[in-house]
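Per Swiss-Prot, the feature N-acetylvaline maps to 1; the stated evidence is similarity to another entry. Residues or ranges marked as domain 'Globin' in Swiss-Prot (evidence: sequence analysis): 2-146. Residues or ranges marked as phosphoserine in Swiss-Prot: 44. The N6-acetyllysine feature in Swiss-Prot is assigned to 59, 82, 144; the stated evidence is similarity to another entry. Under the heading heme b binding site, Swiss-Prot lists 63, 92. Residues annotated as S-nitrosocysteine in Swiss-Prot, with similarity to another entry given as evidence: 93.
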C-alpha cells in the first residue's frame with residue numbers, strides 16, 4: 001500500500017492518541033457482534049451469546065488489544081506490510097483457517113471505532129488514510145491464501 005506523506009502523517013498523528021486496550025477490544029467485539037459468523041474462530045472465549053456478553057468479555061478485550069498492537073506494528077512498517085504480517089498470514093491461513101474476508105471486515109470496523117472515538121478529529125482525509133492502511137493490512141494478512 002502506498003500512503004502519501006500527508007496520509008502517513010495523518011495516520012501516525014492519530015495513532016499516537018489511540019488507547020489500544022479500549023479501541024482494540026471494542027473493534028474486535030463489534031466484529032463479533034455485527035458479523036456473528038466470525039465467532040466460530042473464538043469458541044474458547046466463553047460467553048459470546050449476545051452483544052453485552054461479547055463487549056464485556058475479557059478474552060475479547062485481550063485479543064482485541066493484541067490485534068491492535070499488531071496493526072500498530074504495520075504502521076511502523078507501512079512500506080513492507082507483506083513482510084510484517086507474513087507469519088500472522090501463515091498462522092491464520094494454515095492453522096486457524098480464517099476466511100481472509102474477515103480481515104477486511106475488521107479493518108472497516110476499526111475505522112468505525114476510530115471515528116466514534118475521535119469524532120471531528122477523524123476527518124474524511126484521516127478516514128481515507130486509515131481505510132487505505134486497513135485494506136493494505138487485510139491484503140497482507142490474506143497473502144498466504146493466494
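For all residues, glycine too, the Cβ spot is worked out from N, Cα and C.
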Here the 10 Å Cβ neighbour count for residue 82 (N6-acetyllysine) comes out at 15
Looking at the modified residues listed here (1, 44, 59, 93), whose Cα lies nearest to that of residue 82 (N6-acetyllysine)?
1
Relative to the Cα of residue 44 (phosphoserine), which of the recorded positions 59, 63, 93 have a Cα no more than 10 Å away?
59
May I ask for the distance between residue 1 (N-acetylvaline) and residue 93 (S-nitrosocysteine), taken between their Cα atoms and rounded to an integer number of Å?
21
How long is the line from the C-alpha of residue 63 (heme b binding site) to the C-alpha of the residue listed as 'S-nitrosocysteine', rounded to the nearest angstrom?
18
